[in-house]
Amino acid sequence: MIIGIWAEDEAGLIGEADKMPWSLPAEQQHFKETTMNQVILMGRKTFEGMNKRVLPGRISIILTRDETYQSDNEKVLIMHSPKEVLDWYHKQNKDLFITGGAEILALFESELELLYRTVVHEKFKGDTYFPSTFDFGRFKLVSEKFHDKDERNSYTFTIKKYEKVKQP
């Protein structure tokens, strides 16, 4: 299954200088539990915004147009087109999580079957927004879980799960 997973603020902001403008340990735990032992796909800028840190327990694919781009980490696969990613994915027995950034989510929109969308109930300053052209009408909201702020999480947020609507 191909799954989108991301967090955004109330205005759809997903990043500031290729990083997330908030830190929410409970949301990070949700991401970890949801993607563990699966494949995550992100763009080069998102990967570099994480200081090229590889998330343990997952296969990481970095999508870049730069044909010369390399990673020092053997657990990172570098690919150069959506077709290359999909050809590789169809030979696997794992889910593929599209984690961002905005360009990568937009590239794979038509392939997405399930969405995990975290909405942080605040407005931040940043430079990258979730694609405004994304068609949520193709999906049905199936669950929401609200998280209140606490000593570890400075903001309230809601994790929303959507399933692709089956066409008759």
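The backbone N, Cα and C atoms fix where each Cβ goes, and this holds for glycine too.
Here's what Swiss-Prot has on this protein:
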{"type": "DOMAIN", "residues": "1-164", "note": "domain 'DHFR'"}
{"type": "BINDING", "residues": "ILE5, TRP6, ALA7, GLU27, ARG58, THR118", "note": "substrate binding site"}
{"type": "BINDING", "residues": "6-7, 14-19, 43-46, 63-66, 99-104", "note": "NADP(+) binding site"}
Hey, how far is ARG44 (NADP(+) binding site) from ARG58 (substrate binding site), Cα to Cα, in Å?
17
Could you check which of these binding-site residues, ILE5, TRP6, ALA7, GLU27, ARG58, THR118, sit within 10 Å of ASP18 (NADP(+) binding site), going Cα to Cα?
none
In sequence order, the binding-site residues (GLY15, LEU63, ASP66, ILE104) whose C-alpha falls within 10 A of ALA7 (substrate binding site):
GLY15
Within 10 Å of the Cβ of THR118 (substrate binding site), how many other Cβ atoms can you find? Include all protein chains, please.
21
Among residues ILE5, TRP6, ALA7, GLU27, ARG58, THR118 annotated as binding substrate, what is the maximum Cα-Cα distance? Answer in Å.
20
Cβ neighbour count within 10 Å of ALA7 (substrate binding site):
25
Could you tally the C-beta atoms, other than its own, that fall within 10 angstroms of the C-beta of TRP6 (substrate binding site)?
21
Indicate whether ARG44 (NADP(+) binding site) is helix, strand or coil by DSSP.
helix
How many other Cβ atoms are found within 10 Å of the Cβ atom of ILE104 (NADP(+) binding site), counting all protein chains shown?
25
Sparsest-packed of the listed binding-site residues (ASP18, GLU27, ASP66) - C-beta count within 10 angstroms:
ASP66
If you average pLDDT over the domain 'DHFR' (1-164), what do you get?
94
Under 8 Å between C-beta atoms and at least six apart in sequence, can you list the same-chain neighbours of ILE5 (substrate binding site), or say none if there are none?
PHE31, THR34, THR35, PHE97, ILE98, THR99, LEU115, TYR116
